[in-house]
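Enquirer: Pulled these from TrEMBL:
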type	residues	note
ACT_SITE	168	active site, nucleophile
ACT_SITE	338	active site, charge relay system
ACT_SITE	371	active site, charge relay system
DOMAIN	34-93	domain 'Partial AB-hydrolase lipase'
SIGNAL	1-25	signal peptide
């Protein structure tokens with residue numbers, strides 16, 4: 001099997017996919033046409049513009065397959081994918097196993113977010129993706145601009161507060177936003193699958209080596225702004241990471257995410273047709289900082305004078321998880337074999353939330369689950385989504 005590179009939160013950096021011609025043609029047809037309508041569901045494409053000018057794609061599944069009433073009295077739920085993925089992450093499994101379809105069939109108004117830089121969200125009011133300035137962002141901006149834009153749009157369209165489900169990086173962005181008292185007027189509850197806040201105790205060797213070697217820092221310093229990189233830079237990164245002691249790139253998904261227990265070969269093959277989606281190299285640098293330091297702060301420019309220009313202080317501001325409003329309903333689903341959302345890091349987050357209202361915090365621990373089982377596991381509908389639906393029903 002071919003070797004593939006990785007990094008702190010990357011599912012699979014399929015650099016060879018870019019070299020062979022990029023994302024599969026299914027993506028070019030759009031998520032609605034390729035993954036939703038083919039299963040018999042109604043699907044709408046929407047666009048959202050952020051305060052800093054990014055134009056983001058948003059898909060809506062307004063009803064289940066058996067519903068005739070498209071929107072009346074339905075509660076909206078917004079799903080946000082993880083790093084180097086897009087909304088396809090919620091649609092890979094059959095309808096009785098994929099969370100987006102399950103929610104639609106249970107009577108929710110389902111909205112699928114796509115982070116800036118992904119295939120559906122590469123627009124901007126003034127910048128092209130060929131402009132390096134387009135890529136000057138990290139998850140700081142996802143929390144500050146993208147999530148509020150998505151929430152406000154869905155709230156305006158439906159007149160309802162919004163349930164939220166995030167996976168991996170989609171949990172970090174909402175936690176950061178909540179810690180800064182954002183989203184309070186539009187959020188109904190937040191479900192965090194494979195929650196990421198602290199990253200200092202990840203067990204994936206690929207993630208550790210990538211962070212400690214400053215490999216993505218070198219890419220950024222050389223002027224490469226879109227990640228994963230193409231051409232020689234991508235090949236060099238692959239060769240370097242996969243040649244390190246203790247790294248086995250032949251079993252890349254397990255090497256990056258932990259040994260997922262319950263993903264079928266069919267689902268694995270299909271997800272490879274939609275990843276890797278692009279993120280910014282600067283975002284990868286930011287995540288690497290978190291792994292090396294074990295902290296949750298805004299992007300560190302490493303020069304006090306530059307930090308002062310951006311933040312009016314010498315060091316980057318800290319996201320204080322303990323400042324998340326105590327009455328926000330939170331559902332945390334995490335796994336015992338997750339190499340990215342490590343149990344010890346999740347426990348550090350839960351410690352920060354120790355004063356949270358007890359009736360507003362639900363933990364769902366699945367010992368045999370790794371990172372991707374939460375969105376692609378064939379039995380996640382019973383292990384995770386049934387409790388999640390109960391949680392939504394209580395809020």
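A Cβ is built for glycine as well, from the same backbone N, Cα and C atoms used for every other residue.
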Enquirer: Any idea what the Cα distance is from residue 168 (active site, nucleophile) over to residue 371 (active site, charge relay system), rounded to a whole Å?
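Expert: Distance between the two Cα atoms comes out at 8 Å.
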Enquirer: Along the domain 'Partial AB-hydrolase lipase' (34-93), what average pLDDT does this model show?
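Expert: The predicted confidence over the domain 'Partial AB-hydrolase lipase' (34-93), as a mean pLDDT, is 91.
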Enquirer: For the domain 'Partial AB-hydrolase lipase' (34-93), give the DSSP counts of helix residues, strand residues and coil residues.
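Expert: Per-class counts: 10 helix, 19 strand, 31 coil.
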Enquirer: To the nearest Å, how far is the Cα of residue 371 (active site, charge relay system) from the Cα of residue 338 (active site, charge relay system)?
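Expert: For residue 371 (active site, charge relay system) versus residue 338 (active site, charge relay system), the Cα atoms are 5 Å apart.
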Enquirer: I want to check the contact list for residue 338 (active site, charge relay system): same chain, sequence separation of six or more, C-beta distance under 8 angstroms. What comes out?
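Expert: Listed in sequence order: 194, 257, 258, 369, 370, 371.
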Enquirer: So for residue 168 (active site, nucleophile), how many other CB atoms are inside 10 Å of its CB?
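Expert: That number is 29.
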